[in-house]
């Protein structure tokens, strides 16, 4: 992938950009095999990759510069701002949005937040696109509600320029720290969730719910999990750390009993909406801590699917699963290092199948799906 920002030394986020994709996949596969070297793996499936540019459905832009000439991008470690509107990871559809946002920031008087001086209002612009219909969700992250009335007043101009903006919100993040969002979300549109579709499964995106950033590869990840589950004698499963329900909604059949657990209420609202659309009445989604939910149960289903954050599922949940011994565990991980550590805590299981998904091209990161079977 060619990137003028990288070539000019202005951005180094894509550290592997000079390596061809096949070389990147080989290096990632070698890393994964090294992490799982102590465990016999019955089947290594071929790695899955997607487009090498224009694949991201989300932009997280630090706003800097001045109200008349805002920059959208990032801050270097020394505080120097860098405009990343031309980043080739973003689809072409993002360019007109960035182009309209810059004059809008001036129109609305949204002074960019200055980290060094701790002054200003507009901290971040968060943009998400639906791969199914091109609709977009735009979030303004502000330090306070001081400029909210001005933003509302100027908003009709932006909506006229960009009719693809279906959901627009203001998030209030008052803390002087590099935290992307605060707890308060103020909706400026009637529509509160963005509709998307993966493999004919409706998924909804709300402001404070996690959603995969590479739809092409995520679609294949969900479809693979569905195919693996369909090959197993399973009538009841848990989907822990379920997010908006991507895995569970793909894996469930009308006859299957499924419980999805996720701590974020916004994500659970999305999952419930999807289940209702699909007419899946035996699916239950609850906004709870996944570990606390599981360890409070006196029995387990045949299959437990886990998709934890980078820290992994942790020893308490591993100990519980070891004791309760569900027949199958499917582990989806964005950090193979913590997954390997967790598998070490599950000595009663063997690795049936592993597949790498290149969700993050040009970096050392990847997603991995692992099927564990009770010995």
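Please read every residue number as a count from 1 along the shown chain.
Cβ atoms here come from the backbone N, Cα and C positions, even for glycine.
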Out of 262, 299, which one does Swiss-Prot list together with 212, 241, 307 for S-adenosyl-L-methionine?
262
An 8 Å radius from the center of the 3, 11, 14, 87 Cβ atoms defines the neighbourhood of the [4Fe-4S] cluster site; name the other residues of that chain inside it, in order.
5, 6, 13, 17, 84, 88, 89, 362
In sequence order, the binding-site residues (14, 87, 262, 307) whose C-alpha falls within 10 A of residue 334 (active site, nucleophile):
307
Can you tell me how far the Cα of residue 212 (S-adenosyl-L-methionine binding site) sits from the Cα of residue 87 ([4Fe-4S] cluster binding site), in Å?
19
Of all the binding-site residues given, 3, 87, which residue's CB has the most CB neighbours within 10 A?
87
Taking the Cβ of residue 212 (S-adenosyl-L-methionine binding site) as the centre, how many other Cβ atoms fall within a 10 Å radius?
22
Can you tell which of the binding-site residues 241, 262, 307 lies nearest to residue 3 ([4Fe-4S] cluster binding site) in space, using Cα positions?
307
Give me the largest Cα to Cα distance among 212, 241, 262, 307, the residues the record lists as binding S-adenosyl-L-methionine, in Å as a whole number.
15
